[in-house]
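Some features that TrEMBL has for this protein:
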DOMAIN    56-221  domain 'Glycosyltransferase RgtA/B/C/D-like'
TRANSMEM  80-100  transmembrane segment
TRANSMEM  107-125  transmembrane segment
TRANSMEM  159-182  transmembrane segment
TRANSMEM  202-222  transmembrane segment
TRANSMEM  253-279  transmembrane segment
TRANSMEM  300-317  transmembrane segment
TRANSMEM  323-340  transmembrane segment
TRANSMEM  352-372  transmembrane segment
TRANSMEM  384-403  transmembrane segment
TRANSMEM  415-436  transmembrane segment
DOMAIN    446-547  domain 'Aminoarabinose transferase C-terminal'
Amino acid sequence: MLLALAVVLAALWFGVLGLRDLVPTDEGRYAEIPREMVASGEWVTPRLDGFKYFEKPALQYWATAAAYELFGLGEWQARLWTALTGFLTILFTGFAGRVLYGPRTGLYAAAILASSLYWVGLGHINTLDMGVSAFLAGSLFAFLLAQRQAATKAQTRGWMWACWAMMALAMLSKGLIGVAFPGSTLVLYTLITRDWGLWKRLHIASGLLIFLAIAAPWYVWVQIRNPEFFDYFFVYQQFTRFLTPELQRPGPWYYFIPILLLGIVPWLGGLLPGLWHAYKQPMAERAATSSARAALRPNWVLLIWSVFIFLFFSASHSKLPSYILPIFPALALMMGERFARAPRGALRWQFVLNAAISLAAIVGFTQLWRAGNAITPAALYQQYGWWLEITAVLGLICSLLAWRLEGAGRRTAAVLVLAGGMFVGLTVGTQAFQILGRTASTKDVVAAIRPWLHAGQPFYAVGTYDQTLPFYLRRTVTVVAYEGELHFGITQQPQLWVPSVADFAKRWEQDRLPLAFMPVGELAALRAMGLPFRIIDLTPRYAVIAKPGQNYGPAAQAAAARLPAAWNAPTAGGTNHQDKP
């Protein structure tokens, strides 16, 4: 039965990866950097739109680039690493729960994680947070498995080596937190429990060799090739962004509280009881294998891990919603252990709470019917709202079924019904975002201008940089009068950048078959300058222009005949936009 559930989960988890367009910023960025690795053959120095990009390490870029090499370019390939690491973490959470606490705990923990809103959502979005969360959770669970009282010396050594390897992979995923979080948790745990003997079982010497063998080569190699790397990556990205508000990602001290409460749905009712249970009843295996070996309290390790990471990011001057994702596997394990030990009927009120949340969502999602703006019409919000209503109704039905099953003493069935229903519902809701995401992606824009595209032609992004654009174009673009996250790369390679619209206009006059992508608002400024252009695609968000008087080919001529005449009506500036394409 468990194998069948895992197969069904895998089919749904991976089967939807290609149903949505990539959207900016993260999805486009972390799809494009690996594409440039494959195109250039340069796998050491990450580049975004041709510029050096040192904000994050290279592991996910390599994994995605490998997926491109194996399966080709596409949305599902870009999301594969995120989905794979998220899925494997669900399985490892269940395995760790089974070994540490028992079969029911393992099953419940895996079910909780697989159906939590945050884990399902971020498991299908191309960001770096799922990968680093997977390896951090892996290091945590490997440590617990190594230090459990029933572990043999060989098991302790093997799992500790796995822990060191996971920390190295976490450091290759997102930097120093791969060491800081496990290390801080260990220090705090030993200070609280006075279990100093634990340090003798960490296999520090051999573990460090494993860690350095995995993590060090890329850092050394990229530093040798790029002397500016250390200061920007370690000093600026790892410390300045935490200690100062320079990156302009502020948030109040309670920033992550609503994110946590929403992200753990549909298991919100089990959160505080699970944390309290972990504090009051630390699970230590009593079947002693050595009288000299202190019993590890895994629940306390899980609790310290979760609280420390939550407070760490709450204190940071740079906050993003996905930062607390690494605590979710630990929370799932604590709640799963509590579910397995709670008396019959004790979870009924939690299912009632989720039913109430589902009812509130059913009402709340109706507000989407009133949303809408010039970029995203109300009809799209209404369409998306109906899909979210389906998710909420499914949550209500499954919560009531779980309540009934819990009352009948069928807890495993109750947990699986709610987990299965919510996983399906959340998957539907996540994929339905394509209705709105399509307006943010440049996939349709690139499809519309494909008749005008030629190899090697100048292609500009004026006053903006949409990370999905070069991915769908399958080439880099020349950024004009915009820096954003490319600022560091521009300082290193200013020759790849056009600093002003005036400089762009000079190039435009000389270029053959140029195209330019820009926010719609830029068109008026170009007309005021008297720049000759014709609009070849226009959306509420973006415009693409070509140079009149040049022959872009028969396909472009045919496409030009179908363009709305109003796009290229003569303007007060005297520019004739009706020249041949």
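Heads up, the Cβ atoms here are built off N, Cα and C, so glycines get one too.
With pairs at least 6 apart in sequence, the transmembrane segment (107-125) and the transmembrane segment (415-436) have 3 or more Cβ pairs within the 8 Å limit; the two touch. The domain 'Aminoarabinose transferase C-terminal' (446-547) scores a mean pLDDT of 96 in the predicted structure. Remote same-chain partners of the transmembrane segment (253-279), defined as residues 6 or more beyond its termini with a Cβ less than 8 Å from a stretch Cβ, comprise 112, 115-119, 299-300, 302-303, 306, 310, 313-315, 319, 321, 323-324, 327-328, 331-332, 334-335, 337-339, 341-342, 347, 349-354, 357-358, 395, 398-399, 418, 422.
Here the domain 'Aminoarabinose transferase C-terminal' (446-547) is broken down by DSSP into helix, strand and coil counts: 43 helix, 23 strand, 36 coil. Outside the transmembrane segment (323-340), and at least 6 residues removed from its termini, the chain residues within Cβ reach (under 8 Å) are 89, 92-93, 96-97, 100-102, 104-113, 116, 118-119, 122, 129-130, 132-133, 136-137, 140-141, 181, 256, 259-260, 263-264, 267, 270-271, 273-275, 277-278, 283, 299, 302-303, 305-306, 309-310, 313, 316, 347, 411, 415.
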